[in-house]
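Record features, source TrEMBL:
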DOMAIN    7-146  domain 'Lactate/malate dehydrogenase N-terminal'
BINDING   ASP36, ASN99, VAL123, GLY124, ASN125  NAD(+) binding site
BINDING   ARG86, ARG92, ASN125, ARG156  substrate binding site
DOMAIN    150-324  domain 'Lactate/malate dehydrogenase C-terminal'
ACT_SITE  HIS181  active site, proton acceptor
Amino acid sequence: MLLTPVTGQIAYSLLYSIAKGDVFGKDQPIILVLLDITPMLPVLDGVVMELQDCALPLLREVIPTDKVEVGFKDLDAAILVGSMPRKEGMERKDLLNANVAIFKTQGEALEKYAKKTVKVLVVGNPANTNCLIASKSAPSIPKENFSCLTRLDHNRARSQVAMRVGVPSDSVKNVIIWGNHSSTQYPDVHHAIVNHHGKEMSGFDAVNDESWLKGDFITTVQQRGAAVIKARKLSSAMSAAKAICDHMRDIWFGTPDGEWVSMGVYSTGNSYGVPNDLMYSFPVMIKNKTWKVVDGLSINDFSRGKMDATAAELVDERDTALTFLGA
């Protein structure tokens with residue numbers, strides 16, 4: 001399994017969980033390939049030493065490298081964590097241009113060196129569009145093998161409802177994150193189910209506060225990352241790492257019967273009118289390492305407006321990024 005880059009906060013928080021079997025199973029030996037830029041290799045050596053010192057029985061080998069031909073060779077899974085962050089004064093198109101270059105290179109490396117069955121998770125923002133660029137740069141790998149992380153938003157939505165109702169988070173299921181991993185995403189509880197002290201009820205009935213569900217709940221989930229940075233002065237590394245583990249584990253082992261999760265996946269021929277050729281977050285069920293969009297859910301006018309707005313943002317991002325991809 002490949003993780004790149006490795007020396008940031010999220011990857012550092014993630015490595016231990018993967019290496020001890022929380023993602024791919026307690027009986028699955030793991031070879032970790034850690035790819036980073038050349039100046040970070042001394043830091044990478046320290047990460048390797050820590051992994052060795054954990055004495056984890058499933059961890060068979062750790063391969064630190066700055067070479068894509070080593071990093072991407074024969075991969076079963078790849079987690080692309082890093083991207084160019086937006087800097088002060090940077091225009092959005094400049095951010096997209098920088099990230100197109102990064103994810104075009106990584107997609108080409110996947111195309112050239114990885115297994116065609118590789119499962120690729122893109123975390124680095126703008127995650128949806130970066131994922132699309134990577135997939136387009138690896139044309140012989142099925143589009144369905146690429147996904148981007150909206151599980152953190154999904155977990156945030158689930159937790160907000162659970163806290164509001166006063167139940168554990170695992171008593172809330174089938175929330176949905178629609179669209180982009182950005183402030184236009186739409187956290188939707190119209191189809192959520194809450195186990196409220198042994199009785200299953202709809203999310204709306206359990207919360208019993210429509211103004212909160214259509215107002216503060218949505219903005220809290222949309223802006224949670226910024227709120228963490230403001231409070232902590234650092235990004236949400238621990239919760240992002242947990243969400244990455246959740247996402248990859250569900251790809252490997254599937255979703256429970258009757259439950260879905262949110263995942264940014266390739267849009268083609270869905271029942272919700274979402275434009276094709278986007279990486280859009282849908283509710284998905286997973287079986288045999290294959291996801292399927294949960295089609296046919298009823299969508300009211302409020303939800304339709306939110307879903308269309310985030311789709312429009314993704315179309316704009318995609319079209320801008322594609323001009324750079326063809327340059």
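Think of each number as a place in line: the chain as shown, counted from 1.
Using N, Cα and C of the backbone, Cβ positions are placed for all residues, glycine too.
Neighbour density for ASP36 (NAD(+) binding site): within 10 A of its CB lie 22 other CB atoms from the protein chains shown. Separating the Cα atoms of VAL123 (NAD(+) binding site) and ARG92 (substrate binding site) is a whole-number distance of 18 Å. It is HIS181 that, of the recorded positions ARG92, ARG156, HIS181, has its Cβ surrounded by the most other Cβ atoms within 10 Å.
Neighbours of the residue listed as 'active site, proton acceptor' among the binding-site residues ASP36, ARG92, ASN99, ASN125, ARG156, defined as a Cα within 10 Å of its Cα, are ASN125. Under DSSP, the residues of the domain 'Lactate/malate dehydrogenase N-terminal' (7-146) split into helix, strand and coil as follows: 66 helix, 22 strand, 52 coil. Comment: NAD(+) site residues ASP36, ASN99, VAL123, GLY124, ASN125; largest CA to CA distance 17 Å, whole number. Between the alpha carbons (Cα) of ARG92 (substrate binding site) and ASN99 (NAD(+) binding site) lies a span of roughly 11 Å.
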